[in-house]
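What TrEMBL annotates here:
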- A:75-156: domain 'Acyl-CoA dehydrogenase/oxidase N-terminal' (DOMAIN)
- A:162-271: domain 'Acyl-CoA oxidase/dehydrogenase middle' (DOMAIN)
- A:282-450: domain 'Acyl-CoA dehydrogenase/oxidase C-terminal' (DOMAIN)
- A:471-591: domain 'Acetyl-CoA dehydrogenase-like C-terminal' (DOMAIN)
Number of protein chains: 2
Amino acid sequence: MVTYAAPLREIRFVLNEVLKADQLSALPGYEEATPDLFDAVLEEAAKLCVNELLPLNLSGDKEGCHYENGVVRTPAGFKEAYTKFIEGGWTSLSCDPDFGGQGMPHLLEFVVQELICSSNISFGMYPGLSHGAYNSLAAHGSDELKQTYLAKIVDGTWSGTMCLTEPHCGTDLGLMRTKAEPRGDGSYSITGTKIFISAGEHDLTENILHLVLAKLPDAPPGIKGISLFLVPKFLPKADGTPGMRNGVMCGSLEHKMGIKANATAVMNFDNAQGWLIGEAHKGMRCMFTMMNAARLGVGMQGLGISETAYQTAVAYAKDRRQMRSLDPKKQDKSAAADPIIVHPDVRRMLMTIRANTEAGRALAYWVGMLLDLSHKHPDPEKRQEADDLVALLTPIVKSYLTDHGFNAANLAVQVHGGHGYIHEYGVEQLVRDARITQIYEGTNGIQALDLVGRKMPQNMGRLMRRFFHPVSAYLETQMENPAMLEFIGPLAKAFGKLQMATATIAQKGFTKPEEAGAAASDYLKLFSLVALGYMWAQMVDVAMKNLDGDEKAFYEAKIVTARFFMQKLLPEHASLFVNIMAGGKVLMELPAEAF
Amino acid sequence: MVTYAAPLREIRFVLNEVLKADQLSALPGYEEATPDLFDAVLEEAAKLCVNELLPLNLSGDKEGCHYENGVVRTPAGFKEAYTKFIEGGWTSLSCDPDFGGQGMPHLLEFVVQELICSSNISFGMYPGLSHGAYNSLAAHGSDELKQTYLAKIVDGTWSGTMCLTEPHCGTDLGLMRTKAEPRGDGSYSITGTKIFISAGEHDLTENILHLVLAKLPDAPPGIKGISLFLVPKFLPKADGTPGMRNGVMCGSLEHKMGIKANATAVMNFDNAQGWLIGEAHKGMRCMFTMMNAARLGVGMQGLGISETAYQTAVAYAKDRRQMRSLDPKKQDKSAAADPIIVHPDVRRMLMTIRANTEAGRALAYWVGMLLDLSHKHPDPEKRQEADDLVALLTPIVKSYLTDHGFNAANLAVQVHGGHGYIHEYGVEQLVRDARITQIYEGTNGIQALDLVGRKMPQNMGRLMRRFFHPVSAYLETQMENPAMLEFIGPLAKAFGKLQMATATIAQKGFTKPEEAGAAASDYLKLFSLVALGYMWAQMVDVAMKNLDGDEKAFYEAKIVTARFFMQKLLPEHASLFVNIMAGGKVLMELPAEAF
């Protein structure tokens with residue numbers, strides 16, 4: 001069975017000891033965001049996740065969503081859980097107090113998202129999508145739209161969606177066919193079909209607000225002619241309550257590999273009334289407000305699943321007895337076999353999940369804190385710096401943490417042997433649920449192209465320097481610390497390769513974009529390994545200073561896990577570097593018809 | 001939708017041009033096994049697979065097997081397809097003519113298995129398990145048992161199972177509890193519960209023969225006290241037809257991640273009548289006859305799935321249009337976007353599947369041919385040599401090809417983007433079906449331990465030398481060929497690392513078995529990369545000699561794919577080597593309670 005308890009000690013370690021997140025409470029508007037408040041909120045979030053959401057995960061997967069004549073019913077228990085969720089104020093955590101929000105930092109929202117995704121990713125997507133709609137509306141909507149809709153999203157009684165994909169266009173939104181015609185009253189008629197709409201239709205909220213990309217009649221061709229519209233399922237009455245049904249219907253639900261408790265809808269818009277968000281033809285900009293947050297949210301899904309995979313695999317490995325330890329001294333003679341955690345290959349799998357999850361958490365939370373700094377820091381240069389780092393690290397968090405989430409789930413299955421393949425154990429569900437995170441909100445291949453094609457050249461490499469300079473400085477300082485050498489040495493080596501790969505790709509890509517495209521996925525992985533190594537170095541540094549205290553075992557485990565990362569995971573950088581340097585010619589050599 | 005045509009040209013390339021499988025027809029008993037006969041058989045197999053088995057794959061997954069009161073019904077169409085299967089003589093292909101078999105080489109059986117597994121792995125498991133039972137019974141059964149049962153398995157009217165696993169023991173069969181008590185008439189009463197029994201109960205055959213591991217009352221403890229029994233579902237009457245129901249019942253079916261059309265049964269034996277196969281307490285030896293063949297069969301499942309994943313991903317990548325080629329010269333101005341096969345990152349995925357699949361096929365067929373040589377070669381030293389190589393390469397074929405099958409299926413999903421996650425496209429099913437192949441018949445971790453713990457030290461390293469010596473000799477010869485240098489150079493480098501890793505593990509493992517255990521998985525992967533590289537070198541060699549003929553494009557594609565393998569896949573050896581050399585200490589350092 002799936003084993004999960006919120007890893008609050010781990011979370012506090014990253015927040016308080018590594019990132020020193022108490023600095024947020026010095027920012028204007030975040031005065032209340034102290035470590036004590038974080039603790040109190042997370043204790044409550046942990047209860048909600050473990051007691052309400054986790055028990056619905058397997059049953060929700062088994063039952064799935066039900067579709068009949070345009071009406072969608074979520075699995076048993078979801079509506080009750082959602083009611084508790086909004087009663088607890090979880091939809092409003094980081095929202096603007098002007099619209100009923102609690103005004104908490106994004107960082108706290110990130111941590112809560114991790115807990116939710118560890119417990120029930122299908123459930124988490126319903127409020128998650130709403131939060132994306134909130135972000136976009138709050139940033140780009142007119143005052144009238146904000147007044148009409150925001151408070152309802154904040155209190156969770158209404159929910160939101162992102163309607164981008166159409167049958168013939170996913171990544172390439174420029175091909176879009178959905179049309180918007182002005183009605184003459186300031187509103188628009190939206191007509192078209194959108195697919196893969198997560199939480200597109202369901203019974204959790206009294207209204208659903210679709211954020212829909214469409215083309216106006218005078219739209220320029222391609223991606224520069226797309227506008228964003230708000231299309232409510234029910235048109236609000238003058239008193240703000242849901243009124244007439246709008247011309248948008250759910251045509252069907254997809255049968256999917258996983259996240260079965262989340263309704264993935266085909267949405268048909270037939271002269272549906274909608275309102276423009278932001279400027280005409282500038283919809284992609286508004287959508288990216290939503291999309292960037294969503295990409296980080298998907299990274300948190302990967303992280304959340306990897307934590308559950310870890311805890312579940314560890315519980316099984318301590319309980320299941322098969323074969324004897326290869327070291328006679330470790331054999332438990334009181335039983336006929338030893339717990340499989342004695343076997344080196346089982347430990348290899350557990351340590352792999354652990355080392356990536358812990359450093360992934362540190363990286364993701366760091367980005368969460370940077371997001372807050374980018375919004376609230378009084379110094380505009382500091383805001384820009386934080387914003388640059390968030391932009392740079394978003395594709396890393398999205399791709400690496402979701403690839404890791406999927407791998408972690410698969411390793412947990414492998415630790416379980418045949419039992420991992422059986423539905424009732426709940427581990428194979430983690431694999432199926434995790435698989436989508438590598439695809440949606442831009443496939444991981446697209447993230448890699450975003451990194452090399454957009455983020456790398458941006459402002460003459462300014463985003464890259466935001467990361468490279470502090471890492472260089474850090475390595476230089478730590479080189480003088482003999483105790484840190486076993487960690488700093490490998491990291492410095494990998495970092496050197498990353499710098500060389502960066503220079504090579506930047507140079508080649510300048511004249512031959514295909515070369516950058518060919519290197520993208522390997523480069524993203526190389527960058528990720530260095531970023532995680534950088535996190536591990538900082539965590540070890542903290543741990544070493546605390547070895548004399550009450551929690552010696554906790555900090556010692558940090559050091560061993562960091563060592564594992566440096567010895568067993570970071571070396572992959574060498575192969576990635578060779579692959580990158582080999583160039584892209586061999587990828588493009590075969591004519592398409594030879595495939 | 002899943003796209004698959006039997007890759008007959010690819011198969012002929014490996015059989016006739018690389019392996020020169022016509023040498024089999026020189027062996028006594030295989031006189032008829034000429035390339036022409038192979039061709040004719042494979043053409044027929046291709047028709048059967050594509051027309052009968054492939055169309056049932058998705059529907060079988062959706063419908064699954066039905067269980068009611070001990071009775072199991074396979075999905076719609078399976079019984080009809082099975083009838084055609086046995087009418088076509090496909091169960092008898094490589095079986096002994098004395099019992100109605102066609103006496104064809106194992107190699108041909110391997111190829112047919114690949115085609116079946118590309119089409120419908122759930123279906124293939126029914127005759128696949130029977131074939132395992134055939135092997136064990138043919139090798140170890142008494143004449144009476146053989147006379148009673150073998151012809152029925154050969155003609156496919158009766159089927160077989162392997163009953164090993166119990167709820168508390170999978171890998172560790174020494175913990176087994178199922179008991180066998182002598183009845184005094186030469187037969188035994190078998191009592192116990194077996195789980196995860198593939199094809200344990202179904203409606204395809206009129207009788208099912210369970211090969212069951214159990215302990216006799218006087219059994220020594222552990223693995224040395226296990227015996228193998230034949231327990232038919234129906235006791236044969238004197239005329240050989242099924243008679244009274246035996247005391248074996250299917251208690252339930254598992255709900256699994258994949259292979260849903262194959263019935264995975266809990267089997268309850270309650271004083272069921274059984275007959276000893278082979279000697280008392282020597283059941284593991286008989287089981288290994290079955291198990292070794294089964295492990296290779298599982299490798300073929302991985303290979304089969306990877307071929308279907310490749311063809312399906314390629315078809316989609318040629319058809320789906322999104323975005324523009326990064327190279328303006330390659331843009332198709334007649335359409336709004338280019339087929340995604342123009343994108344380097346998509347090609348990276350396609351080429352990765354292709355390069356592993358083609359070399360994996362060559363490796364697997366080589367082992368198939370070695371199996372025939374080990375049985376039929378007139379020279380006992382040649383037989384031993386072939387047998388040694390089969391033993392050495394079995395864990396490689398099982399692990400590497402199943403890991404690759406799973407990765408290939410996942411890459412195919414990734415190429416499809418969101419559509420890959422939808423059931424109706426059939427690609428996510430490949431992922432779910434492939435996942436079990438990394439687990440059953442000994443997890444891939446167990447295969448790695450088999451390689452380093454058993455095969456490596458066996459006969460003072462004789463098995464290793466059977467591979468190392470010819471590779472060394474081959475490299476030496478080819479070094480002098482300048483055209484081959486770009487392939488031989490990287491291979492020689494990787495081979496050097498493999499030799500060093502082997503020496504290190506052998507030395508460390510001698511005093512500290514945990515060190516060998518810690519290195520096992522990385523070592524198996526390193527070995528596999530070298531083995532695949534060796535296959536690629538041989539394939540390139542053939543291709544280079546045929547560039548002037550009619551099929552220039554075919555042979556050129558071989559050379560490009562080999563180049564991709566050497567530049568982009570083989571470099572992983574460097575990281576694996578570093579990991580191995582780092583040793584196992586870091587894996588064992590944390591106390592179990594710190595996890």
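Sequential numbering from 1, following the chain as shown.
Backbone N, Cα and C define each Cβ position, glycine as well.
All annotation found in TrEMBL is predicted automatically rather than curated by experts.
In the domain 'Acyl-CoA oxidase/dehydrogenase middle' (A:162-271), the DSSP tally of helix, strand and coil residues is 7 helix, 57 strand, 46 coil.
Per-residue confidence over the domain 'Acetyl-CoA dehydrogenase-like C-terminal' (A:471-591) averages 97 (mean pLDDT, predicted model).
Here the domain 'Acyl-CoA dehydrogenase/oxidase N-terminal' (A:75-156) is broken down by DSSP into helix, strand and coil counts: 59 helix, 0 strand, 23 coil. Sorting each residue of the domain 'Acetyl-CoA dehydrogenase-like C-terminal' (A:471-591) by its DSSP state yields 102 helix, 0 strand, 19 coil.
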